Amino acid sequence: MRYSNLSRLAPRSYTVTATAAALALGIYTGSLVIMNQRRPLALADAGTTTTTTSSSTSAATAKQVVFGGGLGFPFVSLPLESAEMVTHDTKRLRFRLPSPDAVSGLPLTSAVLTMSWPKGSWTPVVRPYTPVSSSDEPGHMDFIIKHYPSGKQSTHIHSLHPGQTLTFLAMPIKGPRWKPSSSTSTSPSPEHVTLIAGGAGITPIYQLAKGILRDTSDTGTAMTLVFGVNTDKDVLLRDELRDLERQHPSRFRAVYAVSELSRAQAEEGEGTSDPQFRSGRISRELLEEVVPKPDRAGRVFICGPPAMETALVGGGRWGSGGGRPGILEQLGYQKSQIHRF
Ligand SMILES: Cc1cc2nc3c(=O)[nH]c(=O)nc-3n(C[C@H](O)[C@H](O)[C@H](O)COP(=O)(O)OP(=O)(O)OC[C@H]3O[C@@H](n4cnc5c(N)ncnc54)[C@H](O)[C@@H]3O)c2cc1C
């Protein structure tokens with residue numbers, strides 16, 4: 001199933017399909033895992049791993065790939081190693097992989113499905129989340145997860161204590177495909193990619209930006225991130241984004257659109273005096289100012305709440321219903337240039 005068809009807050013049809021699959025798999029093969037969610041599975045139990053070889057050493061090193069999508073056991077249950085609040089409603093959680101050498105092995109822009117089975121319910125709750133750690137990071141996998149007050153899975157995940165486990169489906173959900181680009185003597189100007197995120201929608205956008213910058217075959221892509229948040233305290237992954245800017249000053253830049261600057265901040269000019277922090281929502285004017293004019297090669301990747309995405313891509317042939325042109329169309333982007341997570 002294509003990732004871009006999924007809404008981050010309303011995973012309706014997708015959940016139905018995934019739930020049916022999970023339920024079927026659960027009945028036939030996985031009930032042991034679901035019933036024993038509190039027992040961390042040993043790697044051999046998980047059965048989701050495949051092996052791969054690292055070319056960086058002359059002696060081939062076998063790596064355990066937990067989300068290889070092979071024909072192994074369909075579920076893996078991972079213990080929570082640590083959890084910390086990073087904003088008033090969002091946690092950063094680290095789950096331990098089955099061995100210190102194991103890696104997630106997820107392709108760039110992928111998410112994973114988590115599953116829990118609420119007491120008394122006939123069906124499991126299945127929701128996707130996007131790791132913010134790299135796919136080759138050994139031993140653990142990190143997530144940034146926002147808590148919705150009546151949200152089933154985010155409430156469950158936020159209630160977990162270190163040592164308790166969460167069940168994952170071992171099959172990755174692949175996102176939009178990324179093809180590396182490089183600057184050559186005939187085409188020296190780098191491709192520019194615009195990344196637009198809102199709230200917890202930063203997770204796949206960050207994964208993509210970091211993946212592009214770590215890819216040694218991609219020397220041509222430059223990126224501008226426009227990140228919409230409610231207050232400046234809601235900027236998730238701020239240190240990580242700052243690191244990307246420091247390490248790749250000519251290729252990565254972030255601008256934060258803060259919709260609710262506090263009165264004190266506004267009076268003192270705090271936030272607004274920093275050119276990285278702009279007051280207000282992501283608007284046509286802001287995009288015109290901070291990202292290059294669209295050319296045929298430029299791409300835009302978007303992930304955020306439904307209202308933000310609708311404002312950007314509009315309705316009708318671009319979005320779903322309404323027919324009003326979105327900000328990106330007004331700026332001159334073609335539909336084929338826009339990729340939604
Ligand atoms: C591919 C993908 C990757 C994702 N990665 C992450 C991630 O890394 N981190 C993260 O925090 N989330 C991520 N999400 C969102 C996540 O999957 C869940 O949707 C989210 O955690 C809410 O699930 P829940 O069971 O807690 O809430 P639900 O029980 O599904 O309800 C969510 C809450 O939102 C409200 N709500 C439901 N639908 C809408 C809507 N359309 N508009 C506004 N409000 C609505 C409900 O009233 C409820 O309060 C991702 C989603 C997708 C599709």
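Positions of Cβ are set from backbone N, Cα and C atoms, glycine also.
TrEMBL names R127, P128, Y129, I144, K146, K152, S154 as FAD ligands; from the candidate set T109, T167, T194, T203, the record adds T203 to that same site. Per-site Cβ counts within 10 Å over the binding-site residues S154, T203 peak at T203. In this structure, K152 is the one among the binding-site residues R127, K146, K152 with the smallest number of other Cβ atoms inside 10 Å of its Cβ.
Less than 8 angstroms from the CB of Y129 (FAD binding site) sit A111, V112, T114, F143, I145, T203, each of them six or more residues away in the same chain. DSSP places the residues of the domain 'FAD-binding FR-type' (73-183) in helix, strand and coil in these numbers: 8 helix, 45 strand, 58 coil.
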